[in-house]
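Trainee: This is the structure, below, for whatever I ask next.
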């Protein structure tokens, strides 16, 4: 692939790690953010120490506070901003774009107010003549590992397979590999909903339960994620892939996962507001729990783990009682789809 110009919107941990992947591939990378000290640090010290204390970025990776400068003459735009501000940033992009670009996003969540997937928001806000079909970049990927060039395999999903193949070529190299998929609904719901299950797995750890319990919540969590996704129109096979079970494993078992760490802290009895303040990063699984619970209620989808986490976070239920309460649910077949 010839050298491409790519704007990455959001210099958080994942946006920064992906900027290094693209830079390693010889592309022109521009990070955009709205925190002056962070942007100055990236440009002058070539570090982003809030997320990576010991990593020095290539000097060719530049950052800017000026969205127009970031978008000028780019071939592709990657959104890696928190779910709750995706629509706002997309509106700002739409007001500036003056040429057609490949639009990608690598965030994992559902918009709280509308319950919409992020690709749907981008499609609604950015005019079709200024963008490709949206490409979702998702899968099992800790930024802390990608930034040190550890082997990572993820998915590029789009309704337009050619757009997905473009993104596959854009990112893939000797340590970072993408597989294509056309099931956007499946990939996005898997990426968003697995954060809820990671909170649950972390809570079990914080409560002192062992591997048997964690394996159970991850496996049964995958079942309820799949049930909801299929109800929304996803292909069930997607949940067996990188963006499904792969992402669930990496997020539901690792201390790198902020959702797992948040769940562990909840299990230890810490208050949510203290957890969020101490972590200093967005915990997408908290907001997604509420959205998923509401969707499941509307559609009549059985999601006991999501319900238990929801009641603990939003109704003040004791998290241990909520989780143990699932052990007395009515007996079911492992393969029930409702």
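Here the Cβ of each residue, glycine as well, is placed from N, Cα and C on the backbone.
From Swiss-Prot, here are the annotated features:
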BINDING   13, 14, 108, 143, 258, 282, 284  NADPH binding site
BINDING   108, 139, 141, 194, 247, 257, 258, 259  sn-glycerol 3-phosphate binding site
ACT_SITE  194  active site, proton acceptor
Trainee: What is the biggest Cα to Cα gap, in Å, among 108, 139, 141, 194, 247, 257, 258, 259, the residues listed as binding sn-glycerol 3-phosphate?
Mentor: 15
Trainee: Distance check, please: Cα of residue 14 (NADPH binding site) against Cα of residue 194 (sn-glycerol 3-phosphate binding site), rounded to an integer number of angstrom.
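Mentor: Here the two Cα atoms are 17 Å apart.
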Trainee: Apart from 13, 14, 108, 143, 258, 282, 284, which residues in this chain have a Cβ no more than 8 Å from the mean position of the Cβ atoms of those residues at the NADPH site?
Mentor: 12, 107, 281
Trainee: Checking the contact step here: among the binding-site residues 13, 108, 143, 284, which have a Cα within 10 Å of the Cα of residue 259 (sn-glycerol 3-phosphate binding site)?
Mentor: 284
Trainee: Quick check for you: of the binding-site residues 108, 143, 258, 282, which have their Cα within 10 Å of the Cα of residue 194 (sn-glycerol 3-phosphate binding site)?
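Mentor: Near residue 194 (sn-glycerol 3-phosphate binding site) by Cα: 108.
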Trainee: Specify the nearest of the binding-site residues 139, 141, 247, 257 to residue 284 (NADPH binding site), where nearness means the distance between Cα atoms.
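Mentor: Nearest by Cα distance to residue 284 (NADPH binding site): 257.
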Trainee: Show which residues of the chain containing residue 139 (sn-glycerol 3-phosphate binding site), separated from it by at least 6 in sequence, have their CB under 8 Å from its CB.
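Mentor: Those within reach of residue 139 (sn-glycerol 3-phosphate binding site), by Cβ under 8 Å and sequence separation of 6 or more, are 152, 153, 154, 155, 191, 242, 243, 246, 247.
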Trainee: Indicate the candidate from 257, 259 with the smallest number of other Cβ atoms within 10 Å of its Cβ, considering only these binding-site residues.
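Mentor: Among the binding-site residues 257, 259, the sparsest Cβ neighbourhood within 10 Å belongs to 257.
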Trainee: Do me a favour and check the Cα-Cα span between residue 13 (NADPH binding site) and residue 257 (sn-glycerol 3-phosphate binding site); whole Å is fine.
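Mentor: Rounded to the nearest whole number, the Cα-Cα distance is 12 Å.
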Trainee: How far is it from residue 258 (NADPH binding site) to residue 141 (sn-glycerol 3-phosphate binding site), counting Cα to Cα, in Å?
Mentor: 12
Trainee: If you measure residue 143 (NADPH binding site) to residue 257 (sn-glycerol 3-phosphate binding site) at Cα, how many Å is it?
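Mentor: The separation of the Cα atoms works out to 10 Å.
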Trainee: Among the binding-site residues listed here, 108, 194, 258, whose Cβ has the fewest other Cβ atoms inside 10 Å?
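Mentor: If we count Cβ atoms within 10 Å for the binding-site residues 108, 194, 258, the smallest count is at 258.
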